[in-house]
Amino acid sequence: MKSPISLLAAVGVASAASPQTLLSLASTASDIIDASPFLSFHRDIVQIPSISGNETAVGTFVAEFLESHNFTVIKQPVPSSSNGDPNRFNIFAYPSTSPSQGRPDILLTSHIDTVPPFIPYGLHDDANNNSNILISGRGTVDAKASVAAQIFAVLDTLESNPTASLGLLFVVDEEVGGLGMRTFSDNSTLNPSPSPYHTVIFGEPTEQALVAGHKGMLEFPIIATGQAAHSGYPWLGSSAISALLPALSRVDRLGKIPEAEGGLPASEKYGETTVNIGRVDAGVAANVVPSSAIAEVAIRLAAGTPDEAREIVARAVRNATGGDEHVYCDFAAYAGGYAPQDLDTDVPGFEVTTVNYGTDVPNLKVSEGVKRYLYGPGSIHVAHGDNEAITVGQLEEAVRGYKQLIEAAVQRARRT
């Protein structure tokens, strides 16, 4: 098997030339992408829209690519949302010649879905430095950069170490609740207990740093009910908005209130717990007293458990409303929630950081003692924006980073 990261299309020079030499002969950004199988693969998957719920097309492309590189590919069906693609699937793959046959020691995983809207692939040339060529479009960072870099890191590793026990897992639905990873995790055939792997490497945009952990998550609506009436005679009704506002004001400040005074906990590692009231829906018209109001809340937990946070929030709502039973938190509306996730950072040569965003890490059940790493190219600060973009240099560095994590895991296994 040729080395996928270093094998470039012929451009009239000897095959012994270095990748840097070959790329320097390309005259445009498009030529550079075309000349690199790795960058071309990244381009190809970004060009396929895969907004959560509609991942089948990109999944098919990735699966066929892996099969063409002598991987055994298992397509695990994942239930669809009410308006989603009923044929979507997770991809679990491993080298067909692997001695572990579906029980890899080392698992690399990321997700193939993206947030909306689809933004076409674009290139922004840098005549002075090929590494600074900017690649824009939805998924260029989150998380198709990780998908591409993980695949090519594995292919490169297998060329030098054909018996390395490696597996790849690419899931759907990460951006909207993690159903893809939970479906894989709950499958006792694909994810048996105890875990067959000793290392899991998760791919998300971390700016090429190893992540020591990320905050926990709790989502829920706060609901208020009232009585509709003509706005000229508001005393004939009961405003759900007026009832909801004191609760929202209190909940919105819980991350700033000391825990001893009824606030949400902080930690030295993750800082403050943060509260975001992301959406409010209420009423039907300005001249009607609103009979209902609902606010969607997301809390990023710096410490404690979801159950502990629920108790704090519920108490705050009761106190703010004087115990009004018409204002309440519907914690059953969203399943799960999770505590802060502590991760491994024991591989030298990386910057180490923490992040505030959520990942599929808590959705994958693993045995105690399994190493979990979170690493990937690009910045979360552009990942969901209309300016989502990544450089060629960041992509290429991520391949090296994933290979370094793989090699550390291989060497650790040899020592045990």
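Glycine too: its Cβ is placed from the backbone N, Cα and C atoms.
Using a 10 Å Cβ-Cβ cutoff, E174 (active site, proton acceptor) registers 27 neighbours. Feature annotation from Swiss-Prot assigns active site, proton acceptor to E174; the stated evidence is similarity to another entry.
Non-local neighbourhood of E175 (Zn(2+) 1 binding site): S52, H111, D113, T114, V115, each in the same chain, at least six residues away, with C-beta under 8 Å from its C-beta. What Swiss-Prot records for D142, E175 is Zn(2+) 1 binding site.
The Zn(2+) 2 binding site feature in Swiss-Prot is assigned to D142. Summarising the environment of D142 (Zn(2+) 1 binding site), the number of other Cβ atoms within 10 Å of its Cβ, over all protein chains shown, is 28.
The annotation N-linked glycosylation site is assigned in Swiss-Prot to N54 (among others). Around N54 (N-linked glycosylation site), the same-chain residues six or more apart in sequence whose CB sits under 8 Å from its CB are G84, D85, R88, listed in sequence order.
Under the heading N-linked glycosylation site, Swiss-Prot lists N70 (among others). In the shown protein chains, 13 other C-beta atoms lie within 10 A of the C-beta of N70 (N-linked glycosylation site). In the three-state DSSP assignment, the secondary structure recorded for N70 (N-linked glycosylation site) is coil.
For N129 (among others), the entry in Swiss-Prot reads N-linked glycosylation site. All chains included, 10 other C-beta atoms sit within 10 angstroms of the C-beta of N129 (N-linked glycosylation site).
Following the DSSP three-state reduction, the secondary structure of N187 (N-linked glycosylation site) is coil. When Cβ atoms from all protein chains are considered, those within 10 Å of N187 (N-linked glycosylation site) total 14, not counting its own. Per Swiss-Prot, the feature N-linked glycosylation site maps to N187 (among others); the stated evidence is sequence analysis.
Marked as N-linked glycosylation site by Swiss-Prot: N319 (among others). Annotation note: N319 (N-linked glycosylation site) sits in a helical segment as assigned by DSSP. Same-chain residues at least 6 positions away in sequence with a Cβ under 8 Å from that of N319 (N-linked glycosylation site) are, in sequence order, R250, G262.
The feature signal peptide is assigned by Swiss-Prot to 1-16.
Distance between Cα atoms for E174 (active site, proton acceptor) and D142 (Zn(2+) 1 binding site): 11 Å, as a whole number.
Across the structure, N129 (N-linked glycosylation site) and D142 (Zn(2+) 1 binding site) are spaced 24 Å apart at their Cα atoms.
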